[in-house]
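K.L.:
Just passing along the structure, written as structure tokens.
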Amino acid sequence: MATLMNPVRDPNTLSNYNNWLCTHTTANFEIFFEEKKLVGNVVHKLRSITNAETDEIILDSHHVDIRNVQVAGLPVKAWELLPPLGPYGTALKIKLENPVGLNEIIDVDIAVQTTKECTALQWLTPAQTSNKKHPYMFSQCQAIHARSIFPCQDTPDVKCTFDFNITSPLPVIASGLPVRSTSTVPQSGVKTLHRFHQKVPIPSYLFALASGDIAEAAIGPRSVVATSPDKLEECKWELEADTERFIKTIEEIIYPYAWGEYNVLILPPSFPYGGMENPVFTFATPSIISKDRENVDVIAHELAHSWSGNLVTSASWEHFWLNEGWTVYLERRILASLHGEKYRHFSAIIGWKALRDSVEHYSHDHEFTKLVPNLKGEDPDDAFSTIPYEKGFNFLFHLENLVGKEKFDRFIPHYFTTFKGKSLDSYDFKATLLDFFKSDAEASRLLQELDWDSWFYKPGLPPKPEFDTSLADVVYELAGKWRSLPESPFQPQPSDIQGLTANQIVVFLEQILLFERPLTAELSKLMGEVYGLTGSENIEVANLYLQVGLKAADKSVIGPTTDLLGRIGRMKFVRPLYRALQKVDRQVAIDTFEKHKDFYHPICRGMVEKDLFGKKDA
């Protein structure tokens, strides 16, 4: 009966969140660097959403060491870990002695510590940090890894407020606003309690912690950058010119920023993503610090998540495009406001290439190439690709062109107001869009005639939009000259790329990678030398040039490739480089992975293992 009243929308949680709703979580943890574990307890305030119709609470958990459980301040003996169920872990079942009425709230206090199998935490030795002085720890809970830190309702369909009470000998950052105290600044090595409060309800995947040798510098009136002290000045320079401009621009598109501060933590290089939109503190890869301010698009993306994803959230990972497609759309709207509409289209062209690559990797009829895939029984990490980002963007871009940009602009704040603080699925989105335009006969007709089922459920590539290619044409032309070699008289010169942005060089290299007949090893080497690509500090450029060299079977790039694979853990670079390297020399690829696998985050390590040794669904 309860299940019918409150249907579960998320197939990737084992929790009975259709019976109980977490309204607040207090996380009390001490960080033990030597033992590489967190020890403490979590207190969940759970509100009953049935009227005494269930006598058990089921929470997601995976590889956690549970010491004891209390409900309403009293010890509970009748708790157990259920048998493991694939990637979803071993759910914690707590039996209640007394029924709980509708809307009554109970406190569930769980003493817990993490284990070495925890998939959410990465522990770095001092040698793995930039100044090599102190150990470092950071979390990455998306998609379903929060359950490996503490038992919880690990689903984006549930949001609650948070208090963090974290004890550590080193500075701490969390996904809440710091509770500033009047006490003196803690001394390094002395265990100190760090408190944070998150007043905006967030899903479990946005629970975030980091601790290490971290210093901060202001990059705007409501923003700081935090990173290793030896990298602070270069990170400050990279971000201070654009961060506040980005915030003001997106506030004009939607409505004011809701989280108080917008800060950026630049993590050590093993962080597996470009960025993670943890509230208050975006966690970002050091690969954006390119010393030319050309890679800060990542910050525009993570900032946009403060509305799409963090305030308005997909109800399950099957509807992940509602987080990422919207965020890419908003990121490109920010860039268009600052740099012009041509820049938005140019960014979309780069995105289309990434989308095509992902579809080809999976195959055109694969479930994971759908905008709304079926993830029942699947690990959401296996479905992680550019597809929800770029297919989602292209759907929203199509809707914008369908009804007209001016009309769609009015829908944007309406949508983000309607679902503020809530989770939704694709059907909620469709219903809201249709309802908004019902009084506009023309827009309503166009939306009713739209083939929604094809957009949601058809695998492969969507229809390709007409992009403004003006910023791309110059690099298409240059790529065409390289395609004509060695037969043509074209002689490459450094002036060929003079005045091009890093993103234009990225598109140029992506065009080279599309050649049906790869460059010869000699031409690949010539390109690197003449255009200065071999020593580029911009990893977006360097990694693509290495892929060009590997595709050309240029043995001279194998060394730089293995070197880069030992310096960066961002999956965007690591996975394609390993795939390309193994085609040239599989043993070198395997040896490189074995050498560096402990450097990579567990999520990245697992995905590369699948790429090198396992199933194609990765």
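Each Cβ is built from the backbone N, Cα and C atoms, and glycine gets one as well.
Feature annotation from Swiss-Prot assigns peptide binding site to Gln140, Cys141, Gln142, Pro272, Tyr273, Gly274, Gly275, Met276, Glu277. Positions annotated as Zn(2+) binding site by Swiss-Prot: His301, His305, Glu324. The annotation active site, proton acceptor is assigned in Swiss-Prot to Glu302. Summarising the annotation, Swiss-Prot assigns active site, proton donor to Tyr389.
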K.L.:
Within 10 Å of His305 (Zn(2+) binding site) (Cα to Cα), which of the recorded positions Gln140, Gln142, Glu277, Tyr389 do you find?
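P.N.:
Cα within 10 Å of His305 (Zn(2+) binding site): Glu277.
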K.L.:
Please report the distance from the Cα of Gln142 (peptide binding site) to the Cα of Glu302 (active site, proton acceptor), rounded to the nearest angstrom.
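P.N.:
With distance taken Cα to Cα, Glu302 (active site, proton acceptor) is 14 Å from Gln142 (peptide binding site).
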K.L.:
What are the non-local neighbours of Tyr273 (peptide binding site), defined as same-chain residues 6+ apart in sequence with CB under 8 A from its CB?
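P.N.:
Sequence-distant Cβ neighbours: Gln140, Phe283, Thr285, Arg570, Met571, Lys572.
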K.L.:
List the same-chain residues at least 6 positions away in sequence whose Cβ sits under 8 Å from the Cβ of His301 (Zn(2+) binding site), in sequence order, or say none.
P.N.:
Gly274, Gly275, Thr327, Val328, Glu331
K.L.:
Among the binding-site residues Gln140, Gln142, which residue has its Cβ surrounded by the fewest other Cβ atoms within 10 Å?
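P.N.:
So among Gln140, Gln142, the binding-site residues given, the one with the fewest Cβ atoms within 10 Å is Gln140.
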K.L.:
An 8 Å radius from the center of the His301, His305, Glu324 Cβ atoms defines the neighbourhood of the Zn(2+) site; name the other residues of that chain inside it, in order.
P.N.:
Gly275, Glu277, Glu302, Ala304, Ser308, Gly309, Asn323, Trp326, Thr327, Val328, Leu330, Glu331, Tyr389
K.L.:
How many Å separate the Cα atoms of Glu324 (Zn(2+) binding site) and the residue listed as 'active site, proton donor'?
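P.N.:
Given the Cα positions, Glu324 (Zn(2+) binding site) is 5 Å from the residue listed as 'active site, proton donor'.
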K.L.:
Using only the residues recorded as binding peptide (Gln140, Cys141, Gln142, Pro272, Tyr273, Gly274, Gly275, Met276, Glu277), report the maximum Cα-Cα distance in Å, whole number please.
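P.N.:
The peptide-binding residues span at most 15 Å between Cα atoms.
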